[in-house]
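Asks: Heads up, here are the entries from Swiss-Prot:
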| type | residues | note |
| --- | --- | --- |
| SIGNAL | 1-22 | signal peptide |
| DISULFID | CYS38-CYS79 | disulfide bond |
| SITE | LYS154 | site 'Required for receptor binding' |
| SITE | ARG158 | site 'Required for receptor binding' |
| SITE | TYR180 | site 'Required for stability and transport' |
Amino acid sequence: MKKTLLAIILGGMAFATTNASANTGTINFNGKITSATCTIDPEVNGNRTSTIDLGQAAISGHGTVVDFKLKPAPGSNDCLAKTNARIDWSGSMNSLGFNNTASGNTAAKGYHMTLRATNVGNGSGGANINTSFTTAEYTHTSAIQSFNYSAQLKKDDRAPSNGGYKAGVFTTSASFLVTYM
């Protein structure tokens, strides 16, 4: 009896001190070290804004080209002195440009937005930003005061396989990362 009781007590103690396993995981942290940091804002016709109005496009064609700039915020002297930079773009893209991310019955079909760097200097650019060309490199002999772009709604060259062209709302978002070199 004593041996049985001792075995029960020792067995209970062994289980009482056992640690429970917990799930593990991984956390990713990203950062960037640059020689210049500053706030970059989109600007249309001298007005800083985070929304670019592409206007309207006829269902049979293209919209009007809308010019805008990415400019360092006032007082960003470190950034305003740089002559070389690159801008990496990401978003919902295809080989033509940026996709329409609007959904539902009111979404336009068969259209995309082109985005083109227009003042790259001696750098690489001038082509539409798309899945094959996501970076515009700026190489200037004097300080880069702004990164100039044009955006335009365009009818896809190929007819959509999901019911053809349809008038409606066009919405897309693009993220950019400026790296000064």
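Including glycine, each Cβ sits where the backbone N, Cα and C put it.
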Asks: Nearest to CYS79 (disulfide bond) by Cα, among LYS154, ARG158, TYR180 (recorded sites)?
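Replies: Minimum Cα distance from CYS79 (disulfide bond) across LYS154, ARG158, TYR180 lands on TYR180.
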Asks: Long-range neighbours only, meaning 6 or more apart in sequence with Cβ under 8 Å: which ones does ARG158 (site 'Required for receptor binding') have?
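Replies: In sequence order, no residue meets the Cβ cut-off.
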Asks: Would you mind pulling the DSSP three-state label for LYS154 (site 'Required for receptor binding')?
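Replies: The three-state answer is strand.
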Asks: Can you tell which of the disulfide-bonded residues (CYS38, CYS79) has the fewest other C-beta atoms within 10 angstroms of its C-beta?
Replies: CYS38
Asks: Could you measure between TYR180 (site 'Required for stability and transport') and LYS154 (site 'Required for receptor binding') for me? Cα positions, answer in whole angstrom.
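Replies: Pair distance, Cα basis, whole Å: 31 Å.
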Asks: Which residues, sitting 6 or more apart from LYS154 (site 'Required for receptor binding') on the same chain, put a CB under 8 Å from its CB?
Replies: ALA57, HIS62, GLY63, LEU96, GLY97, TYR111, HIS112, MET113, THR114
